Amino acid sequence: MSITQILFWTLSIVALFSALMMITSKNPVYSVLWLIVTFFCISGHYILLNAQFLAIVNIIVYAGAIMVLFLFVIMLMNLGKDTEPQKSKWLKLASAVSGGCLLLVLIAVLRKTETHMADLTSGEIGLIQNLGKVLFNQYVVPFEISSILFLSAMVGAVVIGKKE
Amino acid sequence: MQALTKRSKQVDRRPMTAMEKMYLPSIIKGMGITFSHLFKKKPTINYPEQQRPFSAVFRGVQILNRDEEGRERCTACGLCAVACPAEAITMEAAERQPGEENLYREEKYAAKYEINMLRCIFCGFCEEACPKDAIYLTQTFTPANYGREGFIYKKEDLLIPNPVTQPEEYAKAKGTIGKDIK
Amino acid sequence: MYLLQFDWFIVLEKFILIAAIVTIALVVAMYSTYAERKIAAFLQDRRGPNRAGPFGLLQPMADGLKLFMKEEIIPLASSKFLFILGPMLAMITATMTSAVIPWGTTIEIAGRQVPLQIADINIGILYVFGVVSLGVYGIMIGGWASNNKFSLIAAIRGASQMISYELAMGLALIAVLMISGSLRLSVIVQEQIQHGWNIIYQPLGFLIFFICALAECNRTPFDLPEAENELNFGYHQEYSSMKLGFYLFAEYINMFISSVIMATLFFGGYDIPFVNEGAWGNAWWVGVVGFGVLMLKAVLFIFLFMWIRWTIPRFRYDQLMNLGWKKLLPLALANMLLTAVVVLLLNR
């Protein structure tokens with residue numbers, strides 16, 4: 001067993017464990033913290049694939065920014081047991097159905113894909129230079145469209161913020 | 001409105017210029033001022049090693065004086081207590097018994113003499129009121145203490161050392177008392 | 001996977017390097033507390049600590065000992081694990097940043113090329129950013145775990161301050177990256193050695209970066225967590241003993257690391273100005289001299305931090321947000337655009 005494999009299995013186990021803990025923790029703050037651990041494990045996987053840029057951006061964007069905002073909201077909410085709204089049966093059913101649908105889609109996708117081992121030794125696509133070149137040459141239109149998406153989200157936030 | 005002092009200045013309420021709005025020049029100016037203080041002489045005195053000299057007329061803790069033969073001068077007349085604006089002094093008088101002539105100068109003496117140092121304002125009126133040269137303000141501080149009781153000075157705390165048996169301590173405690181200070 | 005195919009010499013070498021750098025960071029942070037008190041004293045015409053040891057040089061030890069001996073209080077209703085995790089995270093994130101900083105040139109020891117840098121990864125500056133953005137968690141977790149409304153609000157205040165200033169900081173950095181053309185810190189330093197320091201090309205960028213660094217380190221004029229009178233103290237309100245010490249200590253480590261980063265990004269890192277030290281070869285003493293020069297620059301920055309602290313009063317919270325979002329962010333954007341245009345024109 002090479003060191004890469006050891007790292008891979010450790011990271012995978014920790015990632016799965018923390019993802020499970022994230023779902024099962026009663027306290028949403030703990031959930032967020034477990035999710036951050038999961039993100040770190042995923043970043044570790046990126047590093048194993050030699051995609052350092054993706055790894056660090058994953059940390060900056062997800063762990064560093066989005067999860068902080070999640071924490072903001074959760075910490076400011078009053079999270080006592082008695083204030084938690086009673087969820088109706090229908091709501092539970094609907095969530096089960098939608099969750100099941102997602103699972104189905106995921107399984108279907110995973111079945112279709114050929115088992116394709118990522119090339120660990122020569123994978124250079126995750127390095128910043130290669131990634132930038134691909135993004136700005138081959139995929140420039142989707143990239144710019146996604147930036148417009150972000151811009152519209154920002155404008156929306158400003159509009160909501162301006163409303164008295 | 002009439003200005004109270006000559007130093008009062010009219011506040012400039014004009015809107016800030018673009019230069020002022022940048023704040024940086026004034027910040028740099030302020031930093032220059034603080035930097036110049038790096039090289040200023042430091043007025044701090046390293047207290048236990050160095051001590052600031054007292055002024056010649058400094059008024060500190062009281063002592064009860066003795067005469068040359070070591071007898072207490074105080075006759076418990078109560079003038080100091082009357083003069084005291086802070087009402088810090090209490091005393092009880094007693095009559096001198098035969099055989100105590102070497103202890104007390106007059107026929108009447110203070111059996112109890114207390115000064116509450118928390119009340120005392122060190123004005124020196126007691127010293128001025130005393131007709132017998134019995135109480136003086138020295139050049140020492142009241143030392144710190146943990147409890148209030150410790151600040152009520154008894155006669156034993158206040159009495160000057162005996163000049164006959166302890167001449168050195170007496171001279172030290174006496175200090176500049178009685179000398180004419182101009 | 002070349003990252004993981006190592007020989008044991010590299011492990012040993014990196015281990016020694018990590019130990020040395022962390023020790024240096026801790027010692028510098030320790031003596032920063034002493035320097036802070038001395039500089040505060042001198043700027044206010046006082047003498048500062050001078051009782052413990054000659055010139056009070058043992059004062060940091062005395063302070064540390066005091067913090068260790070103090071009673072440790074963990075609030076009953078707090079979540080204990082997170083309460084302890086908070087200061088730990090603050091310390092870890094503070095020291096982690098030092099991994100990518102080039103502390104000196106590559107030197108030769110016993111026939112081996114030893115770079116004075118723990119990890120020369122090709123996303124060095126992004127790594128710094130990632131770790132800095134994680135620094136928020138120490139604050140947030142500590143503040144929330146205290147189970148105190150004031151701590152929580154202060155934690156959110158501190159976290160939003162850090163997030164807000166990270167933006168302008170990143171934008172100021174992008175301009176530097178455009179000039180250097182690399183995210184590798186070692187390349188950025190090499191570039192500066194060849195073409196002159198970045199401060200010449202990026203004075204505005206440096207100013208923005210410096211202001212943001214002040215805010216990121218919670219230093220005056222952005223030291224709202226220390227505003228005891230007007231804001232009822234910061235996120236570490238419920239902390240006592242060495243846990244409080246860790247929070248305060250992490251601030252000093254952050255200050256040291258950000259000083260080093262500023263020296264690296266804008267002031268040529270270990271480069272000695274007007275001297276061509278590249279001609280000296282790579283004997284071990286060249287690395288030491290370079291390291292000394294970098295440390296000197298860092299110390300000057302630390303002095304600047306402290307000088308500012310004892311000169312400028314604290315911002316109000318709305319002023320802080322105004323400055324960050326309405327002044328620094330547009331300025332940084334404009335700076336970035338201008339730099340981009342100039343770089344583009346010069347390359348053509």
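Each residue, glycine too, has its Cβ placed from N, Cα and C.
Not measured: the values here are computed from a predicted model.
Record features, source TrEMBL:
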DOMAIN    B:65-94  domain '4Fe-4S ferredoxin-type'
BINDING   B:C74, B:C77, B:C80, B:C130  [4Fe-4S] cluster 1 binding site
BINDING   B:C84, B:C120, B:C123, B:C126  [4Fe-4S] cluster 2 binding site
DOMAIN    B:111-140  domain '4Fe-4S ferredoxin-type'
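Distribution of TrEMBL features across the structure.
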{"residue": "B:C74", "record": "[4Fe-4S] cluster 1 binding site", "Cβ contacts under 8 Å, 6 or more apart": "B:L64, B:N65, B:Y109, B:A110, B:Y113, B:K132, B:A134, B:I135"}
{"residue": "B:C77", "record": "[4Fe-4S] cluster 1 binding site", "Cβ contacts under 8 Å, 6 or more apart": "B:K108, B:P131, B:K132"}
{"residue": "B:C80", "record": "[4Fe-4S] cluster 1 binding site", "Cβ contacts under 8 Å, 6 or more apart": "B:I89, B:F125, B:C126, B:A129, B:C130, B:I135"}
{"residue": "B:C84", "record": "[4Fe-4S] cluster 2 binding site", "Cβ contacts under 8 Å, 6 or more apart": "B:C120, B:F125, B:C126"}
{"residue": "B:C123", "record": "[4Fe-4S] cluster 2 binding site", "Cβ contacts under 8 Å, 6 or more apart": "B:R59, B:P85, B:A86"}
What residues in the same chain, six or more past the boundaries of the domain '4Fe-4S ferredoxin-type' (B:111-140), come closer than 8 Å to it by Cβ-Cβ distance? 54, 58-65, 72-77, 79-94, 105, 148, 151-155, 158, 173, 175-178
When neighbour density is defined as the number of other C-beta atoms within 10 angstroms of a residue's C-beta, which of the binding-site residues B:C126, B:C130 has the lowest density? B:C130
[4Fe-4S] cluster 1 site shell beyond B:C74, B:C77, B:C80, B:C130, criterion: Cβ within 8 Å of Cβ centroid: B:T75, B:A76, B:G78, B:L79, B:A110, B:C126, B:A129, B:P131, B:K132, B:A134, B:I135
Enumerate the residues of the same chain, B:C84, B:C120, B:C123, B:C126 excluded, that satisfy the criterion Cβ within 8 A of the mean position of the Cβ atoms of the recorded [4Fe-4S] cluster 2 site; list them in sequence order. B:Q62, B:C80, B:A83, B:P85, B:A86, B:A88, B:I89, B:I115, B:I121, B:F122, B:G124, B:F125
Need the DSSP three-state call for B:C120 ([4Fe-4S] cluster 2 binding site) to compare against my parser. coil
Other C-beta atoms that fall within 10 angstroms of the C-beta of B:C120 ([4Fe-4S] cluster 2 binding site): 22
Can you tell me the mean pLDDT for the domain '4Fe-4S ferredoxin-type' (B:111-140)? 89
Per DSSP (helix/strand/coil reduction), B:C126 ([4Fe-4S] cluster 2 binding site) sits in helix
